[in-house]
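Novice: The annotation domain 'Flavodoxin-like fold' is assigned in TrEMBL to 1-196. The FMN binding site annotation in TrEMBL covers Ser9, Ser15, Tyr16, Ser17, Met95, Tyr96, Asn97, Phe98, Ser139, Thr140, Gly141, Gly142.
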Amino acid sequence: MRILHVITSPRRSQSYSVQLGNAIVDKLVAAHPGSTVVVRDLAAAPFPHLEEAHIQSFFTPEENRSAAQISAIANSDEAIAELQAADVVVIGAPMYNFSITSNLKSWLDHIARRGKTFNYGANGPEGLVKGKQVYLAISTGGVYSEGVMKIYDYTENYLRAVLGFMGMTAVKVVRAEGLSVPGVQDTAMEKAYEAITV
């Protein structure tokens, strides 16, 4: 089995989403000995935000692209190939201001490409990235899965939407939440680890 682990937190080893993602990967490897793990660390090597050169290159037929255009979308092509080669995708997603990190958004912008990861047909949009199991390792300071703060959670819903649009609908969410809430934070990670099923 080939596992793609996408890391997005700049806090490295102190990051709860990294710790949770690592725990998911460890359980997957234990359940499937001999698995290959590919790490895409977007905090260490972030993708650029989309600019005109990227967009023009995306919409230029492959056979007509200049050397500069090929270079402009090299990150995108590599990331899509990496994604398509994976059987399982583990995405660490700390909540920043109710949503995802900007480096994760950039990665998604580079992999969401018509003709590569989705297309439009007679029945509307069709995802082209199929047969993947996705795990979202979400970490939040507050509790957003329920209660009055639930309406502010634009992390899980957004990721489910954009991944599903590309065909990745088998999504398991593991949350470490309440990490800054007194009385909750002490056991938050333990509960998250216990919730991991592979």
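First residue shown is number 1, and so on along the chain.
Each Cβ is built from the backbone N, Cα and C atoms, and glycine gets one as well.
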Novice: Hey, which of the binding-site residues Asn97, Ser139 is the loneliest by Cβ count within 10 Å?
Specialist: Asn97
Novice: With every protein chain in view, how many other Cβ atoms are within 10 Å of the Cβ of Gly141 (FMN binding site)?
Specialist: 15
Novice: Provide the number of Cβ atoms within 10 Å of the Cβ of Met95 (FMN binding site), excluding the reference atom itself.
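Specialist: There are 23 of them.
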Novice: At a 10 A cut-off on CB-CB distances, which of the binding-site residues Ser9, Tyr16 has the highest count?
Specialist: Ser9
Novice: Report the largest Cα to Cα distance, in Å and rounded to a whole number, among the residues Ser9, Ser15, Tyr16, Ser17, Met95, Tyr96, Asn97, Phe98, Ser139, Thr140, Gly141, Gly142 that the record lists as binding FMN.
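Specialist: Of all Cα pairs among the recorded FMN binders, the widest measures 17 Å.
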